[in-house]
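Annotated features, as they stand in TrEMBL:
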{"type": "REGION", "residues": "1-79", "note": "region 'Disordered'"}
{"type": "COMPBIAS", "residues": "10-26", "note": "compositional bias 'Basic and acidic residues'"}
{"type": "COMPBIAS", "residues": "50-71", "note": "compositional bias 'Basic and acidic residues'"}
{"type": "TRANSMEM", "residues": "90-110", "note": "transmembrane segment"}
{"type": "TRANSMEM", "residues": "202-226", "note": "transmembrane segment"}
{"type": "TRANSMEM", "residues": "287-304", "note": "transmembrane segment"}
{"type": "TRANSMEM", "residues": "310-328", "note": "transmembrane segment"}
{"type": "TRANSMEM", "residues": "357-375", "note": "transmembrane segment"}
{"type": "TRANSMEM", "residues": "387-408", "note": "transmembrane segment"}
{"type": "TRANSMEM", "residues": "464-483", "note": "transmembrane segment"}
{"type": "TRANSMEM", "residues": "508-525", "note": "transmembrane segment"}
{"type": "TRANSMEM", "residues": "531-553", "note": "transmembrane segment"}
{"type": "TRANSMEM", "residues": "565-584", "note": "transmembrane segment"}
Amino acid sequence: MTELKCRKKYTLDGDKEERESQHEPDVQTTKPVKTEEDEVTSGRNGAGKQQKDEGEVKEEDAQHKEEESKTPESPVKKSTRSSAGFLQRLVRVFFGCLAAVACGILYAAYLSAYHDRKFWFSTRQELEREITFQGGSGLYYYYYKQMLTATPFHRGFYELMMDNRTVAGQTINAVVRLSLYPELITSFIYRFTGSEEFVEPIYFYIGAVFGLQAIYVSALFVCSWVMSGTWMAGMLAVAWYVINRPDTTKVDYAIPLRDNWALPYFSCQVAALTGFLTNNISSATELFCYLTMSATTFTFLLVWEHSHYVLFLQGLCLFFLDAFDLLPSRKMAEIHMVYVSALLLAFFSQFQNAALLSSPLVSLLIGTWVARNYQQKMKTGPFLSRVMKLFVYFHLVFTTGITFSYLVKKVVQGDESDFFLKFLEVKFGLNTTTDFITNFLLCQESFQVPAQDLFLRLTQASVLPFYLLVLTVCLLSTLQTIYRRLSGLPMKTNLKLEDGRIGEQPKVIYHVFHTLIFGGLALLFDGMKYLWTPYVCMFTAFGVCSPELWMTVFRWLKLKSIHPVVLSLILSTAVPTIIGFSLWREYCPRVLAELSEVQEFYDPDKVELISWIKSQAPAAAVFAGSPQLLGTVKLCSGATVTSLPLYTDIKLLRRTEDTYQVYAMRSAEDIYKILTSQKANYVIIEESICNELSVNKGCRIKDLLDISNGHVVYDKGEVYSFSKHGRFCQEIKMNYSPYTNYFTRVFWNRSYHVYKVNSVISFQY
């Protein structure tokens, strides 16, 4: 009888070891997994180890006795249990997706109601509606209108590729230069679905943008849900996103902007990448995440000219995961294939866009591929050896990438490629310059350091304190995992709640790197907050709703008075419930009050100006002015302009500098030569720029021009502007010679003065 029991125990042990070996990854077959308790007690004396071993043996004996007492389950019970589990998961996924879609639809409805209430959009005339597209963003809507009237559609597309009616004296490919694929696709859908019978073109256009914002919110919901495993995290992420709307999106005041079209696709891409990085997912789920990631990456590259910079930052996060051996090599190779295929498709879709070839993302991919082939045994050896190999690997990747980027820029773009480097030198205080374009860009709000109001608003909404807590826990756990990997210890793929290792999940590690890199840039550039803040809301919601995060803290604290698993489950439900209730109590009345507030955006002077241009100016007239105003002029009248509100094209920026000379201390003859060289027939002078009053005087247009033109005098610590000529925008209003020789005033009101550039100079004294 004793022999029979021994044989039975041996058989059970053997079956258990065989099952465990099948579920463990390859890296665990050569070395057993050590728990954190083993590492902590590894430095103790042998007696402690012996006691621990004896305790483990007793525990295993108790488990075997319990297994012996159990009767084997029948196949029918196993099938019933698996069916019930599958049905339960299916119900959870169904209702979770339903909640995500509901959050997106409600947010889109709220945006639509808020926009209509703010601008009184439904009661305005067409001209007044178009003027509400602020900041020059309405230029994109002009091309949408143009494609609606193009007959046939492909001819309108060809005219955009050879556009000579936008910028005077230039023929541009407007599809690539302005990233007009959103307008092309939207106009195509509107025309060929017969939507003109049901909805006006402008409502269809803004409805498409609001629909994308709904997808944005739903993707944040799903991403937080996938990371935490609960819908509560998704709903909390959406609540924080809506509350912090001024810092999460620019859709309130500039609907047609490219980032309003592109960032929803990036959000979907991040959600798909999060699912792809999750351990122990089914092959079907992994394939779905891979295909979604591929489609959204390509679309993101297609609709926004800055997208490759954002993907470079994301690729940098994944590069660190791969370098520290925190991600399976197979998945990293597949992600690289997504990047390469998306870049190639976007390159040909944008008519061989040279900017993609010289993008930092391509340089990173090239550098990684070269370094990996050159240094094949980087992830082997003891701790010190691995660290030294990592330094060599980083050096190879970045040296190769920078060299490749330098060569491509020299071949493709010439000397203009150095502008971005000079811009960064001035931004970080490594150099100074009098160049107007560099200083003009630095004075833009997007490139300035964010104000303290940002952090105050995030703190008042309670997201920033919890974000710092979640980030600290996840970062420390990630550093612990990195140390374990560099020490040669394997990662555990089938983590359980009681393990308390939240930083050992690749998806969590990615988001830690993601929020650190984007957050660091948000501290330098205010415009980066629109990329960072939404994921702050998502990441914080995941952390406070994740039992693994609380369990990680309890494992560090070695909590014994209360069972840590039970307490972590309680806190992961109680804390977000309390946060959600407090947010609902404080901010729900505010959000609803925004829909009832009487706000009216109306610019009668601009309406009067555009009406005059449409009725009095010749159809072939060319207008000069500030880029933002020219964007509105182009949208509402279709007139040819001298410049566009684009800050990524150096040539257009130089034309903008020339046009802005009307606010400098230049002679009438100089301004006349500049405007005639741009083929301008009319110049529009704005009172808000000519007599600009600002606290930051160094960023006024006239101050930047004085610095660039050398009209600044420094005397005893004071700064003065001096020139033998008066400021043109002020002197021309006096209507005396020589200004009346070159220009004739044809329209004026409180905000705008329009002067005709005389084709024949009449000298009057």
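Cβ coordinates are placed from backbone N, Cα and C, and glycine is handled just like the others.
Whatever TrEMBL says is automated annotation, not expert-curated.
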- Item | Leading stretch by Cβ pairs under 8 Å, where the reference is the transmembrane segment (310-328) and the options are 287-304, 357-375, 387-408, 464-483, 565-584 | 357-375
- Query: With an 8 Å cut-off on Cβ pairs and a sequence gap of 6 or more, do the transmembrane segment (357-375) and the transmembrane segment (387-408) reach 3 or more such pairs?
  - Reply: yes
- Message: I'm a bit unsure how to read this: which one of 90-110, 387-408, 464-483 has the highest number of Cβ pairs shorter than 8 Å with the transmembrane segment (508-525)?
- Response: 464-483
- Note on the structure: If you count CB pairs under 8 A between the transmembrane segment (464-483) and each of 90-110, 202-226, 531-553, the winner is 531-553
